[in-house]
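Shown next, in structure tokens, is the structure this report addresses.
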Amino acid sequence: MFARITNLAHDLLGVTHFHQSDSQFFQRKTWKVSCLPACLNSIDSIGLKSIHSDVKIWELDPGDTNMSSQPMEKRDSNVTAQSNSQNSPISVEYEKAMEALSSLINSQKRGEKHHSPGTGGKYKKLERMSMYVKILGLEEHIAGLKIIHVAGTKGKGSTCAFCEAILRESGFRTGLFISPHLIDVRERFRVNGLDISEERFLLHFWECWNCLRENVTEDLPMPPLFQFLTVLALKIFVCEKVDVAIVEVGLGGKKDSTNVIKKPVVCGIASLGMDHMEILGDTLREIASHKAGILKPHIHAFSSPQVAEAMEVLQDRACELGVPLEVAAPLDYKRLNGLKLSLSGDHQFINAGLAISLCKCWLQVTGNWKTLSENDNEKYVLPEAFLRGLSTARLSGRAQIVDDSSFETCKSEGNEISYGNLMFYLDGAHSPERKRRIHSNERKGNKTTKQILLFNCMDSRDPQVLLSRLVNICASSGSHFSKAIFIPNLSIYNKVTSGASIIPMDIRARDLSWQLHLQRMWEKIVNGKDVMLDGKSKMASAENLPSHEFLIESASCHSPEDGFFRRSAVISSLPLSIKWLRDCARENPSLKIQVLVTGSLHLVGDVLKLLRR
């Protein structure tokens, strides 16, 4: 069954790099809570429970390594449905915490050069971070955390996920801090492989919030969002008594909030590339210099293979600090002993190789490597715990396949009739280099296949580069998107929402000028000439969606005068887009609709949130 599901990945752009989400994504661990301060509280694990019973993606049978093809339950197409538990006392308190977090957002979009309260003033960022740590009484405790600190442009999240799984399988209690979250902020904080529960999150959140709130001054205001989440992560890891904390850098390295960490056990730098140039600089040397900022004097460090320009910067900085810097070779698949990496794609062998080096170094420095490896007779063979970790690590929204199981079947004269086939391929790739990982290889079965692009990206990125490379890669192997849909993200940058937040179907009066710009750029790329919109393009709202025939008609059936262009449309909201795709699939049961969602992790998170309803 698992092989059959993973083979579906070939259907869209030859996506051998997509993986099916596992059930761990939807589980959490619950804990006994006392009135003692968090750092003194005795933690007692009392089991697992599902947090969203209405999740609609493949469920992993704990007793089988294969994926179950049975959806957990039938789901209505109304994407505005809310969690049944939303009105529980904990949920109400959780929404209050989300409102508090939202008040810490100081600009609408990352990359805007906008100085708001909490970002300037008397102290620099890392000075403020150190002061927040002292206020929370965590300074000595953090020094006792055995931390793996990872920076990079591409793959740092995957590297951290591999490290966490490897060390957890090695018998250690793990803490993982990653970003961004896709559906719920608790995804950023994993303890022993599971997102922290609402109960434990609220306990640590309010202690952290109240303590900082009581000590703010004009010179030291409340920290902006990511700074707060960073100190909260450190507090959680201290109070939950983790053996190892794996911390992913947010942005850059030198000035990143996570660089309040003074003495990690080992540092890692994943593959470097051109990204966030509005903040980090427009040359690879400048970007590498920021990333190298996490290196600490005489602390071991490993880097993925880099281009010469970037490696020279890393080596120079390492030499200045007396850092033993080694290049981690990509993992040879033969060392997996027949197993497969749980995170799919050839690039993951680079990230896995870095994770292996980081974990081995951590085990050696902490005095645990000899015990773990004493039963391994050959140097080439990876320890069993490493193999288990590499084959079970998880990271949502990166090359993930979600089967939309909202379609029911009806019986007509004794025969079951399917209402459609809709599959979402989600990948948060948003840098030009990451687009190279998507290949094309159209495969046709008994059903007619339509491949759709669902796209948005931040306006601080260059969509011309992203879209052009995506189109060129497809064309080079003879595959083309039938249609492209451009939509705004559901998420807004000035509010932190929970997984149970209400989702409006149609969002009125939203500025869609950026989506129209993306559409015009797309039409120019695929048609080879500029397309003048001049107000003729219709922005699809609840009253004005493309016809269902638009999805299946050839490009020649449309012209700019139709309002919807030959290969694309702008729809005013993501929920409307999902509903429209589902309706198209229902009305065309012989159609196989495959939707690639890419360009933004925010967009990927929004789609996952809707598909879970």
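Glycine is no exception: its Cβ is also placed from the backbone N, Cα and C atoms.
Note: TrEMBL annotation is automatic and uncurated.
Noted in TrEMBL for the protein shown:
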- 62-88: region 'Disordered' (REGION)
- 78-88: compositional bias 'Polar residues' (COMPBIAS)
- Ser179, Glu248, His276: Mg(2+) binding site (BINDING)
- Arg398, Asp427: ATP binding site (BINDING)
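Counting Cβ atoms from all protein chains shown, Arg398 (ATP binding site) has 26 others lying within 10 Å of its own Cβ.
Distance between Cα atoms for Ser179 (Mg(2+) binding site) and Asp427 (ATP binding site): 15 Å, as a whole number. Annotation for Glu248 (Mg(2+) binding site): spatial neighbours Val150, Lys156, Gly157, Cys160, Phe177, Ile178, Ser179, Thr258, criterion Cβ-Cβ under 8 Å with sequence separation of six or more. All protein chains shown were included, and the count of other CB atoms within 10 Å of the CB of Ser179 (Mg(2+) binding site) stands at 18.
The local packing around Asp427 (ATP binding site), expressed as other Cβ atoms within 10 Å of its Cβ over all shown chains, amounts to 25.
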